[in-house]
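Asks: Relevant sequence annotations retrieved from TrEMBL are reproduced here:
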- 111, 115, 121: Zn(2+) binding site (BINDING)
- 165-176: compositional bias 'Basic residues' (COMPBIAS)
- 187-196: compositional bias 'Basic and acidic residues' (COMPBIAS)
- 151-196: region 'Disordered' (REGION)
């Protein structure tokens, strides 16, 4: 399920956010990452993502995506976890890379789905980066987030159709809301810090 903060929807518009396309992409990314269970996504702004980052990672700054894997109880209920994405941060990155906002959101969804599937690029000797690279090619995305963050990505390629047709523990919720139920948090804007 993808929830959009009303202020963000008003600022960017439904057309730019393309909820149906993002929902299809998330399902494809989950399947490719072998991530079972429900994933709830909150598309929000910098202020809210900064609050979440401060509350759950003790980092008082905005970031692009946070992942909250479900605890054992949530997993037993068929919940994989929650993602929170800053559309404002994604929009700035999309503009700097010369592609549509929806493409940047897909890059972040893939990265977040891999974190929910248990990958952690901060401690895994490149396993998550390799997986992200394979899946982004398979799903039709440009450079994955990890390689971009490390400065190893090639210049942006045109992409028009990628998909056709931690911190505290708490039980996962069915929908991400302003008060996200916290699980382990992972992010990639500050790749020097270990969240998992």
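Glycine too: its Cβ is placed from the backbone N, Cα and C atoms.
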Asks: Hey, does DSSP put residue 115 (Zn(2+) binding site) in a helix, a strand, or just coil?
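Replies: Assignment for residue 115 (Zn(2+) binding site) reads helix.
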Asks: Can you tell me how many other Cβ atoms are located within 10 Å of the Cβ belonging to residue 115 (Zn(2+) binding site)?
Replies: 28
Asks: Between the binding-site residues 111, 121, where is the Cβ count within 10 Å the lowest?
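Replies: Taking 111, 121 as the binding-site residues, the minimal 10 Å Cβ count falls on 121.
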